[in-house]
Structures are given as C-alpha cells and as structure tokens.
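Take a look at the structure set out below.
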C-alpha cells in the first residue's frame with residue numbers, strides 16, 4: 001500500500017514513448033429481437049453508436065489517463081478515420097500524437113455491433129490493410145522514433161500486426177533504447193519472440209504465449225518453464241503472461257515466478273484490457289516500481305478495464321481504489337479539506353432523516369479524553385462530523401511548536417475511528433462557519449466548557465438543536481502529554 005502511495009506522485013513526471021498500430025474503434029449498440037427473413041442472421045435495431053481510439057492508441061489513452069505524458073507514434077491513412085484519430089488524440093493535453101500518413105492504405109477501423117440488453121458482441125467488421133509499411137513509410141516511422149526517444153523515460157511497443165512494427169523498426173528502436181539506457185516493454189503479436197530480442201519485458205496473452213512456446217500453459221509452473229526458454233530466445237529480463245480470469249504470471253530472469261489471481265469483477269467488455277495492462281506496467285516501471293508492485297498494479301488495472309463497456313481507459317484514482325485496502329480508502333473518504341464541499345454529505349444524510357452531530361478540536365495527540373467525547377457524541381446522533389483545526393489554526397491557538405502532527409495525520413487518525421463519520425478541516429480560529437453551514441442537531445463539547453462558551457451554540461439553538469456537554473476525563477490533555485514528553489517522563 002505504502003509503496004504504491006509513494007510512487008503515485010512520480011507518475012505525472014514520467015514520459016512514455018508508445019509506438020504501435022493505431023485503430024478507430026466504433027461500437028454500434030442496439031436491440032436484437034428477431035432473425036432476418038433474408039438469411040439466418042440476427043437483426044440489430046441500432047440505437048446509438050460511439051467511437052474511440054483503439055489499438056495502440058488506447059495504450060496511449062491509458063497512459064495519459066493515469067497521469068503520465070505520452071508521445072504516440074503511429075500510422076494512419078488519408079481518410080476521415082485518420083483525421084478523427086488525429087483530432088481525438090490531440091485533444092488530450094498529455095498526448096503528443098506523431099502520426100505518419102500513408103495515402104496508399106486505409107486507417108484501420110473496427111466496427112463492433114453489440115446487443116445493448118445482453119452486452120454481447122454480435123459481429124465485428126474490419127477495414128484494414130495488415131501488410132507491413134512500405135520502405136518509405138517505415139523510414140518515416142523510424143525517424144520519428146529516434147527523434148523522440150531521448151526524451152522518453154520508457155518505451156512501449158504495442159504490436160497488433162497491422163504494419164507499423166516491422167522487423168526493422170523493432171530492431172532499431174530496441175537497439176537505440178538500450179544504448180540510451182531506456183527500458184522497452186513489448187506487447188507482442190508475432191509468435192516469433194526473437195523479433196523482440198533485447199526488450200526488457202514481453203507481455204503476451206495466454207493464446208499468444210501458447211503459440212510462441214508451443215506450451216499448454218495449464219499451470220503457473222508450466223508457464224514458468226516455457227517462459228524461461230522464451231526469455232532466452234528473446235533475451236529479455238522478464239515475461240508476463242496475461243490469462244484473463246486466471247490472472248497473470250510474471251517470470252523474471254532473476255527470481256521466482258509470481259502469479260496473481262484476477263480480481264473478482266463483473267466482466268462487461270474485454271476490449272482493450274491488454275492495452276491497460278501494458279500502459280500500467282510502463283507507467284509504474286517508469287515511476288520506479290519493482291516487478292511485484294508493477295504486476296499487481298497491472299492486474300488491478302485489468303480488473304477496472306474489463307468492468308467497463310467499450311475500449312476502456314483507467315484513471316489513477318480508479319487504479320488506486322482497486323489496489324488500496326477498503327478500510328484505508330473508507331477512512332480517507334471521510335476527510336474533507338479546508339474549504340471543501342460538505343453539501344453532498346449533508347444532503348444525503350438529511351434525505352435519510354439522520355440526526356447530524358458536530359464536535360471540534362485540534363486532536364493533536366489523540367488520548368482517552370478525546371475518545372470519550374467522540375464516542376459520547378456519536379451516541380447522541382446518527383452521523384458525527386468532527387471539525388479539525390488546520391495546522392495554521394493550531395499554531396495561532398497553541399503556539400509555534402504545535403501541532404505535533406500535521407493536519408493530514410490528525411485527520412487520518414480521526415477518520416479511522418468508527419465513531420467519526422466525517423472530518424472537516426477548517427482554517428479559522430473557531431468552527432463557527434462550519435457550524436453555520438452544517439446546522440447540526442446536536443453540538444458536543446467536553447465538560448470543561450459552559451454552554452454559553454461553546455462556539456456556535458446560538459446557531460444550533462436557533463435551528464432547534466441542542467448543546468451537549470460531556471464530562472472530561474481528568475489527567476488527559478494534549479498539552480500535558482507534550483510537556484511530559486519534553487521532560488522525558490512516561
């Protein structure tokens with residue numbers, strides 16, 4: 001958990017050079033309720049259609065949606081589909097499209113007809129020329145790669161066998177990358193893994209792996225054995241076999257094979273899941289992840305992708321929610337930063353008829369006195385909001401040596417308590433603004449205050465609420481704890 005969190009800030013600093021076969025994906029959704037009288041074929045009553053960037057372009061979209069920068073090099077025809085792809089990719093501020101135009105071939109376009117009700121693909125129609133790029137076009141692609149390579153942190157080759165990744169382009173890209181100390185990830189299509197010799201990582205799916213190794217790949221042990229032989233052929237550091245519902249198996253040259261099971265999710269569409277895996281691996285490895293962290297992140301990314309319709313991209317927030325423990329996320333979601341929006345929470349709770357309570361404090365070092373007040377406050381309401389003084393507010397109230405813990409740490413400790421439903425950080429000296437916004441049914445403070453001394457008591461009373469004073473536990477205060485710690489006492 002902590003490793004992923006530590007790596008996340010580095011992701012926006014990474015740049016991935018992605019090279020591969022670009023496609024325009026179109027999805028036609030409709031209802032199927034009858035068979036054609038002209039032939040034994042279902043009739044789809046088309047209701048809507050969507051277009052998206054597919055193939056290696058979807059890898060680029062995933063890289064950008066994760067927050068990294070991507071320079072994408074691909075091939076299009078001189079047609080509407082190619083212009084649509086150029087325009088669509090250019091709209092993403094994190095993607096720099098470098099597209100070579102070949103008027104002699106159409107832009108690869110795939111149209112899928114999908115039953116809306118059953119989320120079932122009925123038919124796919126392809127417009128494409130899968131032949132390798134001509135020598136002249138190939139040279140343009142290679143020139144583009146060599147120009148962009150020095151600025152990249154990692155290289156990703158996405159091979160759909162549509163003509164971009166010729167043997168010469170692959171060879172020149174890998175050789176140039178190795179000279180510059182850049183790692184190269186290849187999502188291969190050819191069963192001849194020797195084409196990708198010298199790459200850092202190959203990511204075939206199970207079918208591709210079986211074809212390349214002539215292995216049944218029925219177990220992690222069998223995959224590991226066949227993978228090591230394939231790694232000798234490809235002279236690569238690692239090989240990852242994606243296996244859909246079976247999960248993923250990573251074999252590294254130095255170390256044991258690692259298998260991770262697939263996340264249990266409802267599969268809506270597998271289109272582009274492999275693109276997501278490749279993108280997550282590239283971004284995580286570029287950011288400094290080790291093999292294990294990168295593998296688990298890619299596995300989580302695949303789970304998010306297959307739970308979406310169409311050609312899916314995965315955001316860093318979605319990846320984070322899938323990777324991090326539920327309890328960690330649940331606590332984090334309880335925290336509202338200073339100036340944040342409380343309205344959605346308040347509206348939801350009021351719609352349910354919940355009695356909302358409020359208390360506040362600095363909570364610099366949580367102690368039994370705090371816990372008693374919070375527990376009693378929660379017992380007096382259905383949902384408890386805790387107002388938390390920001391670091392600046394604490395310094396003004398307690399002096400320059402406080403707080404001992406910053407506001408984020410204090411908020412996370414409070415949010416982890418079952419008694420607390422929401423933590424709202426405020427910058428002012430008092431929580432009057434928060435109380436005025438929340439209008440709690442019950443306002444709770446420790447018993448060392450009188451009712452008239454409690455900030456916001458007038459607001460609460462004017463709205464029909466009550467002020468509840470809780471007897472404090474003697475001998476417990478943050479100030480005394482800090483003083484005792486400074487004096488070396490326990």
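Cβ coordinates are placed from backbone N, Cα and C, and glycine is handled just like the others.
According to DSSP, residue 275 (active site) sits within a helical segment. Long-range Cβ contacts of residue 275 (active site) within its own chain (separation 6+, distance under 8 Å): 55, 56, 58, 59, 62, 158, 187, 305, 311. Residues or ranges marked as active site by Swiss-Prot: 275.
In three-state terms derived from DSSP, residue 208 (ATP binding site) belongs to a helical segment. If you look up Swiss-Prot, you'll see 205, 206, 207, 208 marked as ATP binding site, on the strength of sequence analysis.
Annotated region 'Ribokinase' per Swiss-Prot: 1-330, in sequence order.
What Swiss-Prot records for 358-490 is region 'Cytidylyltransferase'.
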Secondary structure content, the region 'Cytidylyltransferase' (358-490) (per DSSP, counts of residues): 54 helix, 26 strand, 53 coil
Model confidence over the region 'Ribokinase' (1-330), averaged pLDDT: 93
Those binding-site residues listed as 206, 207, and which of them has the most Cβ atoms within 10 Å of its own Cβ: 206
Binding-site residues compared (205, 208) - highest count of Cβ atoms within 10 Å: 208
